[in-house]
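> Features from TrEMBL:
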| type | residues | note |
| --- | --- | --- |
| ACT_SITE | Lys240 | active site, proton acceptor |
| BINDING | Gly44, Ser45, Gly46, Asn47, Trp48, Gly49, Phe75, Phe132, Ala188, Arg304, Lys333, Gln335 | NAD(+) binding site |
| BINDING | Lys155, Arg304, Asn305 | substrate binding site |
| DOMAIN | 39-206 | domain 'Glycerol-3-phosphate dehydrogenase NAD-dependent N-terminal' |
| DOMAIN | 229-377 | domain 'Glycerol-3-phosphate dehydrogenase NAD-dependent C-terminal' |
Amino acid sequence: MAPAFEHRLLPGADGGVVAPHNTGSTNVSGDDQLLLKSKVTVVGSGNWGSVAAKLIASNTLKLSSFHEEVRMWVFEETLPSGAKLSDVINRTNENVKYLPGIKLGKNVVADPDLENAVKDANMLVFVTPHQFMEGICKRLVGKIRRDAEAISLVKGMEVKMEGPCMISSLISELLGINCSVLMGANIANEIAVEKFSEATFGYKENREIAEKWVQLFSTPYFMVTAVQDVEGVELCGTLKNVVAIAAGFVDGLEMGNNTKAAIMRIGLREMRALSKLLFSSVKDSTFFESCGVADVITTCLGGRNRKVAEAFAKNGGKRSFDELEAEMLQGQKLQGVSTAREVYEVLSHRGWLELFPLFTTVHEICTSRLPPSAIVEYSEQKPNFSLLQGSINGVVDE
Ligand SMILES: NC(=O)C1=CN([C@@H]2O[C@H](COP(=O)(O)OP(=O)(O)OC[C@H]3O[C@@H](n4cnc5c(N)ncnc54)[C@H](O)[C@@H]3O)[C@@H](O)[C@H]2O)C=CC1
Ligand SMILES: O=C(CO)COP(=O)(O)O
C-alpha cells in the first residue's frame, strides 16, 4: 500500500514532529565530510533487530549525512549446518535464523564482536530481548564513542531495589549517553515485506537529534511520529506485552472477540494508569499514538506473546512458557511473561496489586497460581476488573 500522506510533515498528537520520508542525497563529498557522517550500529539481530537493520540500511544508502555501512552486532551461534550465523549473514545477506527469506541490504555487515561493532558508531540502536540488555550495557562501559547517541527499540524493563528501571534509563545510566526510544504497532515480519506501519519515536528534549533519528527510520512504508514523552512511549511498548499474554489466554480458551476486546480495553486502561503513577509526566495523548492503542491491537491479534499464551491456555497451563517458547519460537524470545513478573514486583512493592487486576492475574496465571480461566473470573478472593474502575479513577483520571 502506498499511503497518500507520505510526503506531509505531520504533527504528532502532542504537537511533536513527523519527518517526511527520505528524499535522497545532497551533494556532499570529501574526506572532511566523511568524518562528519554519522555511523550507525544496530546492537541486536533477532527478528526485529534484523528488520530494523534493513530499514536503516535502506536509508543510509540515500542520506548523505550517514555512512552507508550499517554494522549489526550478532550474538554468535552455530547453525545446524555447523556454520556461524554471522558468516552466513555476511555471505547470503540474510539472517537465515531470525528473518529467513529477506535480504537485509548489502551495506549491512554482521559482526559477532560487540566491542568492535560499536567502537566507531555515534548512533547506537539497541534492539535485543530486554533480559540481555543489562549484561550488554555492562560490557559496553568505556567502549563506545563519547559523542554517541542511543535509541532503544527494546520493549521491557528491569526492576531494581529503587523500583522500575526502563531500558532507555539503563542505557543512559550505564553508558552515560542520551537515549531515545522507538515503539509501535510493529510486527517485524510485516515490516520486513514492506507493508505499511506507523511507529512512535519518544524523545526527551533535543529536537535536532530527534529529527535525525526520525529521518534514519522513516520510509514510505514506515511512518514515524515523534512525541516528547520517552517514558510514556516506552511504558506503552513494555506493558502491552502483558496485555498480549492475557489476549492469548482468551484465545486459548476460545472466549471470542468481545472478551478479547474487553481485555484490550482494560489492558490499555491499566497501561495508562500504571504509566502515570510511575511517571507523572506521561501524556494521555501518547496512548493514542502507534505505541499505545495500535500496538495493543496488533500484538493481541498477531504477536508472539499472544500465540504462545494461547498454547499455554489450550494446554490448561500444564506446559510451561519456557517449553512452549523454545518449541514454538525457535530462538526468538517472549517478553510478556517476564514483564508480567517485573510489573507484579513493582505493584506488590508499592501496594498497588489490587489496582491492577489484569496485570496481577496474568502473572498469577503464568506462574500457575491461577488457572488460565481466571483471566475473566470474578471472585471475592481475587481482585476483579470492577476494582479498576473505582480505584484508578480516583488515582489518575481527571
Ligand atoms: N519481533 C517483533 O515483531 C518485534 C520485537 N520488538 C522488541 O524488540 C526486542 C528484540 O526483539 P527481536 O529482535 O524480535 O528478538 P528475538 O525475539 O528474535 O530474540 C532473539 C535474539 O536474542 C539473541 N540472544 C539470545 N541469547 C542471547 C544472549 N544471551 N545475549 C544476547 N542476545 C541473545 C538471539 O541471538 C537473537 O538475536 C524485544 O524487546 C521485542 O519485544 C519490538 C517490535 C516488534
Ligand atoms: O511488539 C511487537 C509488535 O509491535 C511484537 O510483539 P510480540 O513480541 O508479541 O510478537
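Cβ atoms are placed via backbone N, Cα and C, with glycine included.
Just so it is clear, the model here is predicted, and its values are computed rather than measured.
Can you tell me where each of these features sits in the structure?
DSSP assigns Lys240 (active site, proton acceptor) to a helical segment in the three-state reduction. Residue density at Lys240 (active site, proton acceptor): 32 other Cβ atoms are found within 10 A of its Cβ, drawing on all protein chains shown.
The secondary structure of Lys333 (NAD(+) binding site), as reduced to three states from DSSP, is coil rather than helix or strand. Listed in sequence order, Gly46, Pro129, Gln131, Glu325 are the same-chain residues six or more apart from Lys333 (NAD(+) binding site) with CB atoms under 8 A from its CB.
Spatially close to Lys155 (substrate binding site) yet at least six residues away along the chain are His130, Met183, Gly237, Thr238, Lys240, Asn241, Gln335, Thr339, judged by Cβ distances under 8 angstroms. According to DSSP, Lys155 (substrate binding site) sits in a coil region rather than a helix or strand.
For the domain 'Glycerol-3-phosphate dehydrogenase NAD-dependent N-terminal' (39-206), the model's average pLDDT works out to 97.
Sorting the domain 'Glycerol-3-phosphate dehydrogenase NAD-dependent C-terminal' (229-377) by DSSP state (H, G, I as helix; E, B as strand; all else coil) yields 116 helix, 0 strand, 33 coil.
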> What count of other C-beta atoms do you get within 10 angstroms of the C-beta of Phe75 (NAD(+) binding site), across all chains shown?
18
> Taking the binding-site residues one at a time (Gly44, Gly46), which has its Cβ surrounded by the most other Cβ atoms within 10 Å?
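The residue with the most neighbouring Cβ atoms within 10 Å is Gly44.
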> I'd like to verify something. Among the binding-site residues Gly46, Trp48, Lys155, Ala188, Arg304, which ones have a C-beta closer than 6 angstroms to some atom of ligand 1?
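Result: Gly46, Trp48, Lys155, Ala188.
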> Measuring Cα to Cα, how many angstrom lie between Phe75 (NAD(+) binding site) and Arg304 (substrate binding site)?
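Per the Cα atoms, Phe75 (NAD(+) binding site) and Arg304 (substrate binding site) stand 21 Å apart.
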> Take the Cβ of Ala188 (NAD(+) binding site) and count every other Cβ within 10 Å, whichever protein chain it belongs to.
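Step by step: centre on the Cβ of Ala188 (NAD(+) binding site), count other Cβ atoms within 10 Å, giving 22.
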> Whole-number Å only: compute the distance from the Cα of Ala188 (NAD(+) binding site) to the Cα of Arg304 (substrate binding site).
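Here the two Cα atoms are 11 Å apart.
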> Can you tell me which of these recorded positions sit near ligand 2, meaning the Cβ is under 6 Å from at least one of its atoms: Phe75, Lys240, Arg304, Asn305, Lys333?
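The recorded positions passing the 6 Å Cβ test are Arg304, Asn305.
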